[in-house]
């Protein structure tokens, strides 16, 4: 029986490292080049303090949340992540079932070891399909049409991976899919087998797959094309620049995820949390009220509260979910999500917030000794 006695999302990573093959753990845990951005995603949260308010009625704290008509037990979605089968035989199916049990939306990756049909059959109503855009638009159309027909609630288009980042751990390990696993959405592509082929000269099979299939000529004009083939909400994931956020609004997207791909693409890119206020300001400056979510480095309930206070509409949770899957399958993921929700609920109560809607910038102070934080508006300081 799996040991699910871990008490927080940092401990589950330690447990996952003990049980996962090195190639799989390195794939999940590392980033590109020096991995600076991986660390920055985590450390950025320490640059903010939380200023609690007292004598508020917190006898009942409501952590529930809704975006795009998608209900959640907390302001957290499971982020899109590739190849859950590397972590556990239950694959994405186990993760999706755990998300359903926790009342949390599940984002399903194009590069998955389960099929769209299998995810539909879990019975989880709140599913989002993450889309990598390959050169063959008919295949893209097929994915989108199938996702819509199988009841997925939105599309999340990843725009920061037109080329794969320099992931030296994968190259060193000559990353391949173990026997018995397949990229179920890519099986009809002739290049899909490259991710399973070891090559002592060329390193990671995943790098070769991306190079051969993903469209590195992609531009904003893809958004109108996609709008013409689906009625689903279109969320763009991977923006950091306020200028790109303005373009996203101009091209009519329905939501944005501020993200640096978990530090796995451009090293020394800023964290999503660092850029979040500027992106939100750019979107609102365009007169748009579309949701702006953020991911990267979330490990504590207080991290979620800080993100919401900085203007996030919601938060995506990535690596800890996979670590929970590795440690305990579906039960491990449920444990991760339960711990995070408990931390959010307690931290909200201690901060004097009885609902997610009460979380705002009035809760934040810059930490004096944790490195520079973005300046706070004078109007905000007057409310402290």
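Cβ from N, Cα, C; glycine included.
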Of the candidates 60, 142, 172, 319, which one does Swiss-Prot list alongside 80, 81, 82, 109, 130, 158, 237, 259, 295, 296, 297, 298, 299 as binding FMN?
319
CA-CA, which of the binding-site residues 80, 82, 130, 237, 295 lies nearest residue 27 (pyruvate binding site)?
82
Please work out the mean pLDDT for the residues of the domain 'FMN hydroxy acid dehydrogenase' (1-369).
95
Over all pairs in 80, 81, 82, 109, 130, 158, 237, 259, 295, 296, 297, 298, 299, 319, the listed FMN binding residues, work out the largest Cα-Cα distance in Å.
22
Using a Cβ cut-off under 8 Å and a sequence separation of 6 or more, which residues in the same chain sit near residue 132 (pyruvate binding site)?
110, 111, 158, 161, 214
Cα within 10 Å of residue 237 (FMN binding site): which of the recorded positions 167, 261, 264 qualify?
261
Non-local Cβ contacts of residue 295 (FMN binding site) (under 8 Å, 6 or more apart, same chain)?
79, 257, 258, 259, 262, 272, 315, 316, 317, 318
Taking only the residues the record lists as binding pyruvate, namely 27, 132, 167, 261, 264, what is the largest Cα to Cα distance between any two of them, in Å to the nearest whole number?
18
